[in-house]
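Report on the following structure.
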Amino acid sequence: MLETESSVCDNIAGNEKWRAEAEIGGNERALQALRELIIFPFRYPLEARTLGLKWPRGLLLYGPPGTGKTSLVRAVVQECDAHLIVLSPHSVHRAHAGESEKVLREAFAEASSHAVSDKPSVIFIDEIDVLCPRRDARREQDVRIASQLFTLMDSNKPSSSAPRVVVVASTNRVDAIDPALRRAGRFDALVEVSTPNEEDRLKILQLYTKKVNLDPSVDLQAIAISCNGYVGADLEALCREATISASKRSSDSLILTSQDFKIAKSVVGPSINRGITVEIPKVTWDDVGGLKDLKKKLQQAVEWPIKHSAAFVKMGISPMRGILLHGPPGCSKTTLAKAAANAAQASFFSLSCAELFSMYVGEGEALLRNTFQRARLASPSIIFFDEADVVACKRGDESSSNSSTVGERLLSTLLTEMDGLEEAKGILVLAATNRPYAIDAALMRPGRFDLVLYVPPPDLEARFEILQVHTRNMTLGDDVDLRKIAEETDLFTGAELEGLCRESGTVSLRENIAATAVFNRHFQTAKSSLKPALTIEEVETYSSFRKAAKRSDSKPIPINKKKATSTVFGFSWQLGVLSLLLLATGNYYFNHTKHELLVASAT
């Protein structure tokens, strides 16, 4: 049984005040495309005949589930008082051969009979990827259905007058449909219905709460900001859960409060992130001791483009696409990344080398692509790579694990995805490594890792602040002097200082299980069993990389003197004139790069 409907309000067609925006929040681009496809051919037939314009036959809407593709079509159909026929895999698929094709023919015949000069007829095909999948993954029945649909759409010839039938289809897997459907003459236009941004989420929340009583304390703007990655269906479920929470509290006066939305948000999450752990970290800048200058740089690079995006657009500034944090192990690189994500209220996707290196061919690359796709849908978002040197190690380095084919494929995929961030908004790649020399040079250029920050071991003041952070929930004895302990823990990293505080508490409990405070003797006992893993030589090595990175931005690439001369003189005399030309060119090149050669030989 086909789902057939006309506009339920006969007076809507004559009421110019009602528009689809009354029931749809955001998605202006898709709304305009649908209006042009459905309404324009019937509103401007004379202009079309004058210009010889042939209107498109079909429009394909694609995007994640729950973004409102079906609602968009229904709203525009209602706005223009069109006749609508809805086809779905459930309504088309039949048990016996030939019956599915008959359903399609009947639908197009019914649409043609209702199409008149001033009233369009629309066929909406939902989940078209199920009806017409790619040819390498379909059954015999799918072949027959696809062939019948091709025939029916091709018979719906466009002309200078209005088309007989307008075909609109939707899918959340645009790459899974038959490519023959996407060619010109069938689905001429493809329009993405993307995940709503902050402004669109606010409009959707206002639509779903316009008939309920809201407490003055409810800030829909703040709720919209906190709902990264939520689609329209998720926001509808959020409002429904908030109403249920309010009804449980009091059935007499149904007033939604901020607490109701907080409870609802703990129940309803973004559907695009189901199956993976994606959350905004609860780590704040206060949880990171010291590193004031570094935190300020991260705030400017991560927070500002998200919180002040309008200012960046106004100034014509492109936000950074990647930031690399390098430094010794245990110096709070991961904590800094989480604090930046929390401050920017961005979704946080964390990937480690263990997740990306799989025994199955192509699985790691698929996970990488899928993570970037989910990050685009849940923007603003941060993708964090821990131990980035394993995934992005130098190609051709025989001593590295990345010399394998798997590592090279992962690196190629990462480079491709990072280059694709130029068109995406609100996505930042954060990476951390304690082997910056091992990172492939292709990633170290601007446009990929635009900012390279050195996370040094904590100095005296930073160690004091770190000790304060990790002892703020502990009861300390009067004889505990954290500043003195900081002076005694030179070369200790943040992770080692955290371990020192934890071990001190454990020593206190070993002494007396009923202990209520930690005293200085406990810290001294714990410190005697802990040794810093860092050495002065290692710290100097990390510092030298930072200095070398700064020099490489301003100095020309050094040339090896031996290699330059041997390239010229290695040719034999039999090459005649060609060898003389090469020799002259080499001498000219050598003389004009003498300074660079001296620098190279000195280093």
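Glycine is no exception: its Cβ is also placed from the backbone N, Cα and C atoms.
In the three-state DSSP scheme, PRO65 (ATP binding site) is classed as coil. Taken from Swiss-Prot, the feature ATP binding site applies to 63-70, 327-334, supported by sequence analysis.
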When each of the binding-site residues GLY63, PRO65, GLY327 is scored by other CB atoms within 10 A, the minimum falls on PRO65
For LYS333 (ATP binding site), which residues in the same chain are close in space, meaning a Cβ under 8 Å from its Cβ, but six or more apart along the sequence?
LEU325, HIS326, GLY327, ALA432, VAL455
Kindly assign PRO329 (ATP binding site) to one of the three DSSP-derived states: helix, strand or coil.
coil
Could you check the binding-site residues THR67, PRO329 and say which one's CB has the most other CB atoms within 10 Å?
THR67
